[in-house]
Structures are given as C-alpha cells and as structure tokens.
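Here's the structure, in structure tokens; my notes come after.
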Amino acid sequence: MAEKIILINDLRSSALQVPAVPEAPTGLLSDALGRPLHDLRISVTDRCNFRCVYCMPKEVFDKDYQYLPHGDLLSFEEITRVARLFIAHGVEKLRLTGGEPLLRKNLERLVAMLRALPTPSGRPLDLTLTTNGSILARKAQALKDAGLDRVTVSLDAMDDKVFRSMNDVDFAVADVLHGIDAAHAAGLGPVKVNMVVKGGTNDDQLLPMARHFKGSPTILRFIEFMDVGASNGWNMREVVPSQEVVRRISAELPLEPVAANYSGETASRWRYVDGGGEIGVISSVTQAFCGDCSRLRLSTEGKLYTCLFATRGHDLRALLRADRSDLELSGAIAQLWRGRADRYSETRTAETGIGQRDGARKVEMSYIGG
Ligand SMILES: Nc1nc2c(ncn2[C@@H]2O[C@H](COP(=O)(O)OP(=O)(O)OP(=O)(O)O)[C@@H](O)[C@H]2O)c(=O)[nH]1
Ligand SMILES: C[S@@+](CC[C@H](N)C(=O)[O-])C[C@H]1O[C@@H](n2cnc3c(N)ncnc32)[C@H](O)[C@@H]1O
Ligand code: SF4
Ligand code: SF4
C-alpha cells in the first residue's frame, strides 16, 4: 500500500526558483521553442466519481487510494491570485478540470472570482470547464450565472452497456445527455463532447456517436487513447488513429477538412459535406501537436507542469504560502516558461509510451488535470 501511494503521488517536484531580479509581466512570454503561453489548465480536485478504464482504473484507484488531504489543495483565493498573474503574462484561456471539477464544493464561487479578474490585454478571457457531466444538469445554471463561458463534456459511447463498462461505475448515457441539454439550455454552448476511442472497447461507437450529434449544436471530438500516467495499461494496439476515425465516419457521413480556429488548437476540424455541423479529432499519438503547444497545467496542490506527460512538477504553492510578492511569483513563472522545451508526443515511441519516462513515473491525468 505504501508503495502504491508513493508511486502514484508525485514526490519528485522541484522548488520553483525565484529569480534574483524580480520582473513585471509584459504579456509576452515565449518558451525555449518559441511557443507563447496562452492556456492555463487548473485542476481543482484529484477526486472523481467515475473510474474510466483509460484514466482511473479501479484496480489502482480503489478504496485504499489516498487522495490529497484538503489542506494540500489550493484555496479559491490562491487559485485566483495565480490566475491573475498568468493573465498578466498573456494567458487568455482558463480551463477548470480535474478529477471531476464539479465535485469541488462551491465551484461556482471560484468561477465568479476568476470572471472578475482584470484582463490587461483588453481581450476577453475564455473561461471554460471539462466535466464528465454526471452532475452538470444540477450545476449548469449556477455556473453560467457565475460567469462560465462554456463546457466540454466527456462521453465515450451511445450504447449504455459500453458506456457503463467504460466509466466502470454503472453511470447511464441518458444522464450525461441530460447534462449536455441542461448546459445548452443555460447558455453554456456550443458544448463540445470528448470521446476517448479505445480500439476493441468502444470503437464500434464511432458512428452511433457521430449520428447522434450530427445536426445538433454539439461538437463531437474523438481523442486517441493516450499513454498519459502510468496506470492505464496503455498499448499502441488499442490506439485507433484519427485518420481511421475520419475514414470510418466519412464512409457513411462524408466529411471535409476545415481550417483551425486558432494556432495551437488540439483538435483538427472536419465538417459534414451536407452542412450537418462539424467534428474534431485529437491525434496526440499519431499526429503530435507539440509544435504549437501553449498549455501549462496547475495541479490541485499547486504544482506547475509544463507537459501533460511530465514526471516532475514545480512547486508554486510553497512560494504562495511563503508570502512571496506578486513580482517574485511572476518572475518565477516567467523563468519556468522560458526554460520549457517539452515535446513529449513528438518523441514518443511504443516503449517510452508505457508508464515511465527517463526512469521516472509519469504523473496521472486525474491528478495533473486533463
Ligand atoms: N497530448 C496532449 N493532449 C492534450 C493536450 N491538451 C489537451 N489534450 C487532450 O485533448 C483533450 C481535449 O482537450 P480540451 O480541453 O477539451 O480541448 P481544448 O482543445 O483545450 O478545447 P477548446 O478550447 O474547446 O478548443 C484533452 O482531454 C486531452 O485528452 C496537450 O497539451 N497534449
Ligand atoms: C482527466 S478528465 C478530467 C475532467 C472530467 N473528469 C472529464 O472526464 O471530463 C479530462 C479529459 O481527459 C480525457 N482523458 C483521460 N484519460 C485519457 C487518456 N488516457 N487518453 C485520452 N484522453 C484521456 C477524458 O476523456 C476527458 O475528456
Ligand atoms: S476521465 Fe474524467 S471522469 Fe473519467 S476517471 Fe478520469 S477524471 Fe474521472
Ligand atoms: S505532449 Fe506535452 S508538449 Fe506536446 S502537446 Fe501535449 S502537453 Fe504539449
């Protein structure tokens, strides 16, 4: 048991260094590969009420699994302070994630605090959230009222039996669909739906999912099963390449490519030739998109991760709780981003994809935030 906790929790974080000369943010930061910082993904909890087989398999995340104690979590005030600094550094998109973010009590209070932040660039802040949809129907209106712009909902099948076996807690498709409808009704649309495609498990659901959402305001996106973390038993044989996904859907519902909405978008866009709307494919395994990656992740306990496949975080909470000034924190963030050279998906091989990287365990997605 002790070994399990040590393996899963990230014990290899480094202190975030404060530069000797503090510097004010200019809104223009580039990493070592020339990529700007645009998108901060904030994990608000490492807990989840699902046990998706590709993310939190039951055998690992069982009743003995120890989640972070409450005092380790960043408070809403701490998250808001950090978000303000990131916005000053040029971040224009905040995504709340987890674990299941809607399990964090009073999340709408955090949404309202983030919404109230000033945006020195004058450009509006895109404030969004990724959820499994299980309690979205109850929360959608309060989230909208607090200032959330939109939501992304995960759903892996239309067939109830397949979906229940993928979330592994017997949760029904109809309840997620109800959450999606509630989000649209509250004005949190257009909702995006994420489907992780696992070959041999739910790839028979590609067309049922496409047929269901075609012609609706919902944008369906197919994600290649990724080797994130070290507990989901990933192997290349279960990855269905996006090209194959597009081929299978297009054979019945013809598709054509569409230009990206913005540089660094994770999804490649396709639209139905007959005007039935669009879909997206997220091809982290077969067509890596590190070249434009402008995403930084803040874990539930306040560590910064420069890549989804990182093995080590950088401890920002220690600085927050040591009463460092905003200028000092800003300098530390700038220094971290400038030194960033991550491009894991571009360098992945079938071997590096399994569990470890450079001899260390990759951090779990439920902990770092998806
Ligand atoms: N490899 C890799 N995968 C990512 C990265 N960011 C997101 N993903 C994957 O893409 C999925 C979709 O991410 P979302 O947060 O829904 O998408 P997004 O592209 O930020 O969404 P929009 O803002 O709506 O365009 C995630 O759940 C991950 O599986 C990344 O930086 N690297
Ligand atoms: C980690 S979850 C967190 C938010 C929320 N619990 C949810 O499921 O939407 C974020 C996203 O990561 C995706 N994800 C998790 N594990 C994955 C994997 N191994 N490969 C690809 N996507 C994955 C999920 O499908 C989900 O869309
Ligand atoms: S993908 Fe989301 S819903 Fe599924 S186990 Fe991971 S955190 Fe929970
Ligand atoms: S693998 Fe790392 S660097 Fe590449 S897109 Fe994903 S998070 Fe960005």
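In case you wondered, yes, glycine gets a Cβ from its N, Cα and C as well.
According to TrEMBL, the protein carries these features:
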type: BINDING; residues: ARG41, ARG95, THR130, LYS192, ARG295, LEU296, ARG297; note: GTP binding site
type: BINDING; residues: CYS48, CYS52, CYS55; note: [4Fe-4S] cluster 1 binding site
type: BINDING; residues: TYR54, GLY99, SER154, MET226; note: S-adenosyl-L-methionine binding site
type: BINDING; residues: CYS290, CYS293, CYS307; note: [4Fe-4S] cluster 2 binding site
type: DOMAIN; residues: 32-265; note: domain 'Radical SAM core'
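Positions of the features from TrEMBL, shown on the structure.
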{"residue": "ARG41", "record": "GTP binding site", "DSSP (3 states)": "strand"}
{"residue": "CYS52", "record": "[4Fe-4S] cluster 1 binding site", "DSSP (3 states)": "coil"}
{"residue": "GLY99", "record": "S-adenosyl-L-methionine binding site", "DSSP (3 states)": "coil"}
{"residue": "THR130", "record": "GTP binding site", "DSSP (3 states)": "strand"}
{"residue": "SER154", "record": "S-adenosyl-L-methionine binding site", "DSSP (3 states)": "strand"}
{"residue": "LYS192", "record": "GTP binding site", "DSSP (3 states)": "strand"}
{"residue": "MET226", "record": "S-adenosyl-L-methionine binding site", "DSSP (3 states)": "coil"}
{"residue": "CYS307", "record": "[4Fe-4S] cluster 2 binding site", "DSSP (3 states)": "coil"}
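Under 6 Å, Cβ to nearest atom of ligand 2: this is the test, and of the binding-site residues ARG95, SER154, CYS290, CYS293, ARG295 it is passed by SER154.
Taking the binding-site residues CYS290, ARG295 in turn, the residue surrounded by the fewest other Cβ atoms inside 10 Å of its Cβ turns out to be CYS290. Secondary structure from DSSP puts CYS290 ([4Fe-4S] cluster 2 binding site) in a helix.
Sequence-distant contacts (6 or more apart, same chain, Cβ under 8 Å) of SER154 (S-adenosyl-L-methionine binding site) comprise CYS52, THR130, THR131, ASN132, GLY133, VAL193, ASN194, MET195, VAL196. Taking CYS48, CYS52, CYS55, GLY99, CYS290, ARG297 as the candidate binding-site residues, the subset whose CB lies under 6 angstroms from any atom of ligand 1 is empty. When each of the binding-site residues CYS48, CYS293 is scored by how many other Cβ atoms sit within 10 Å of its Cβ, CYS48 comes out lowest. The CA atom of MET226 (S-adenosyl-L-methionine binding site) is located 9 Å away from the CA atom of CYS55 ([4Fe-4S] cluster 1 binding site).
Taking the mean position of the Cβ atoms of CYS290, CYS293, CYS307 as the [4Fe-4S] cluster 2 site, the remaining residues of that chain whose Cβ falls within 8 Å of it are ARG35, PHE289, ARG295, THR306, LEU308, ASP342, ARG343, TYR344, SER345, GLU346. When other Cβ atoms within 10 Å of the Cβ of MET226 (S-adenosyl-L-methionine binding site) are tallied across all protein chains shown, the result is 22.
GLY99 (S-adenosyl-L-methionine binding site) counts 28 other C-beta atoms within 10 Å of its own C-beta, drawing on all protein chains shown.
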